[in-house]
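For reference, Swiss-Prot has these:
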- H122: active site, proton acceptor (ACT_SITE)
- 19-38, 102-105, 193-195, 219-221, A237: NAD(+) binding site (BINDING)
- C130, C133, C152, C155: Zn(2+) binding site (BINDING)
- 1-248: domain 'Deacetylase sirtuin-type' (DOMAIN)
Amino acid sequence: MLQAASALRHAKRILVITGAGLSADSGLPTYRGVGGLYNGETEDGLPIEMALSGPMLRRDPELCWKYIAELGKACLGGEPNVAHYAIAQLQRIKPECWVLTQNVDGYHRAAGSPPERLIEIHGQLSPLFCQSCAAQDPQLSEHLQRPLPPLCRLCGGILRPPVVLFQEMLPERALETLYEQLATGYDAVLSIGTTASFPYIHEPVIRTRVSGGFTAEINPQPTDHSAQMDVFLQCRAAHVMAELISHI
């Protein structure tokens with residue numbers, strides 16, 4: 001841990017990559033899926049990749065929204081944990097520290113991470129927006145208590161959250177921001193609670209290693225990336241992040 005703290009202390013530009021494991025201590029499941037909520041088939045007999053997809057939202061919005069609502073209720077029912085607050089503290093200490101998250105729970109924002117240095121690569125749950133007229137609606141929690149799918153109060157169109165469902169493209173602006181920052185480079189990358197091998201996850205790690213920077217991972221179990229890291233801390237982020245930041 002002291003090696004990681006020393007490297008982060010001396011680094012100017014830092015990227016913190018976070019996945020579903022970070023929010024496990026907030027009570028959210030870590031199964032694979034949008035927001036890390038599902039694994040395998042749904043109770044409707046469909047793979048979650050089909051039920052919670054862009055095409056399904058268009059074809060059968062009521063079915064798709066059934067699972068969006070479960071995701072929404074899980075996220076709204078939790079709150080940021082000590083690791084989210086520690087990351088926000090690191091961003092206050094280091095004005096060029098960025099967060100790249102796969103999570104859609106909004107906990108980084110709630111914990112105080114500055115939105116201008118937060119890349120939510122899978123989007124976020126709110127505000128909802130109308131697929132017909134694009135009007136925004138901030139009342140996610142209220143809609144989850146009503147019949148689904150939620151409808152636009154202006155035109156009656158079907159609302160949706162700005163999350164990336166299965167078979168949908170990543171948000172263009174988030175990708176642009178990520179690769180703009182990657183072009184500048186990072187002195188250190190800290191990966192927390194993610195097992196994903198998507199290019200936008202492992203590319204920052206590889207680029208930073210190649211350029212001579214420092215890489216570290218915090219995860220309860222080793223991942224495909226662990227052996228390539230300078231430091232691997234096998235634990236939950238909530239158990240170590242506050243202490244790690246206290247040494248910076």
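FYI, residue positions are counted from 1 along the chain as it appears here.
Each residue, glycine too, has its Cβ placed from N, Cα and C.
Small disclaimer: the values here were computed from a predicted structure and weren't measured.
The structure, with features from Swiss-Prot marked on it.
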| residue | record | DSSP (3 states) |
| --- | --- | --- |
| G19 | NAD(+) binding site | coil |
| G27 | NAD(+) binding site | coil |
| Q102 | NAD(+) binding site | coil |
| H122 | active site, proton acceptor | coil |
| C130 | Zn(2+) binding site | strand |
| C155 | Zn(2+) binding site | coil |
| G193 | NAD(+) binding site | coil |
| P220 | NAD(+) binding site | coil |
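Take the CB of C130 (Zn(2+) binding site) and look out to 10 A: across all protein chains shown you find 20 other CB atoms. The Zn(2+) site, placed at the center of the C-beta atoms of C130, C133, C152, C155, has further neighbours from the same chain whose C-beta lies within 8 angstroms: Q131, S132, A134, A135, R153, L154, G156, G157, L159. Reported as a whole number, the C-alpha separation between C155 (Zn(2+) binding site) and H122 (active site, proton acceptor) equals 27 Å.
Per-residue pLDDT, averaged across the domain 'Deacetylase sirtuin-type' (1-248), gives 93. S23 (NAD(+) binding site) has C130 as its nearest neighbour among the binding-site residues C130, C133, C152, going by CA to CA distance. Ranking the binding-site residues S23, Q102 by C-beta neighbours within 10 Å puts S23 at the top. Geometry remark: G19 (NAD(+) binding site) versus C133 (Zn(2+) binding site), CA distance 32 Å.
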